[in-house]
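A.B. asks: Pasting the feature list from TrEMBL:
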DOMAIN    79-328  domain 'G-protein coupled receptors family 1 profile'
TRANSMEM  63-86  transmembrane segment
TRANSMEM  98-116  transmembrane segment
TRANSMEM  136-158  transmembrane segment
TRANSMEM  179-196  transmembrane segment
TRANSMEM  238-264  transmembrane segment
TRANSMEM  276-298  transmembrane segment
TRANSMEM  310-330  transmembrane segment
């Protein structure tokens, strides 16, 4: 009986060795870095962290970037909070246009808060790391809010189209319930797309790769960590990007073609100026956001565009949310008037 067990043990070992000899099998390796794992599954004995490289190869940029990020974040918080408060407290701004603008400001607040604090911490730290859970949360929130903004800007252009091209039917078409439905559709679409794409990305095996060559956990940067062919998921991502970027942009351009045509028919110079003023603010925001997002997600990947991709992400992730309140307040007399009334009300209440 003892000889039989020994013989069985020898045969088992021999089969195991033969299985490991013909081709390299990471499961037979003693190197823990060689063991493949999914982003969604982590070994309990290892504390999974990702290293966000950012511009760590250019340390002289860290102080200027820290100042830019901090100032941009403070201005973003202050500007968007001001628009939300003014739009809610001033009854003259209780219109569909400012309802959607409030949604955009809330979105920008969450958008920057999901990334900038972590960036500031990493710049000040020698260990530029983010936990696995933090990376997953950042990926999901950043993607969800970005996709929501794509559709929200399209809805805002539709609102301007109805207001200028169908003024007599505006209150019938853009009633309160429809505004809530359109805003809810934007948020639900963004969340649904984020769940789908985040799940695909997090299921890709990494084989021990942890260094993310980016400031944040974003799909293009995470896909570069995978040790398998990512052509299929990149194709799916490209198709979804076309849906969320090019289709809204096309509808926005069509809407504004009709808007320009209608504005040119207005005989009053003051009326034309007012129409172009409200639409001009929205067009600037559309150009800033869609231009950088299309450059990031619809261009073919190349090693030469690595640093440019980082700068583009910074622009639509940090600079654009900071500029949105400035664009809408500086070019909009109604918002400036509402701000003055709010400040006056606060000063008088303290006396």
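Backbone N, Cα and C atoms are what each Cβ position is placed from, and that goes for glycine too.
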A.B. asks: Give the nonlocal contacts of the transmembrane segment (310-330) in its own chain as ranges (CB under 8 Å, at least six residues past its ends).
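C.D. replies: Residues 54-55, 69, 72-73, 75-76, 79-80, 82-83, 101, 104-105, 108-109, 111-112, 115-116, 142, 146, 214-216, 218, 281, 284-285, 288-289, 292-293, 295-296, 336, 339.
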A.B. asks: If you count every Cβ pair below 8 Å, which range out of 63-86, 136-158, 179-196, 276-298 shares the most with the transmembrane segment (238-264)?
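C.D. replies: Between the candidates 63-86, 136-158, 179-196, 276-298, the best contact partner of the transmembrane segment (238-264) is 276-298.
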A.B. asks: Taking 63-86, 136-158, 179-196 as candidates, which has the most Cβ pairs under 8 Å with the transmembrane segment (276-298)?
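C.D. replies: Between the candidates 63-86, 136-158, 179-196, the best contact partner of the transmembrane segment (276-298) is 136-158.
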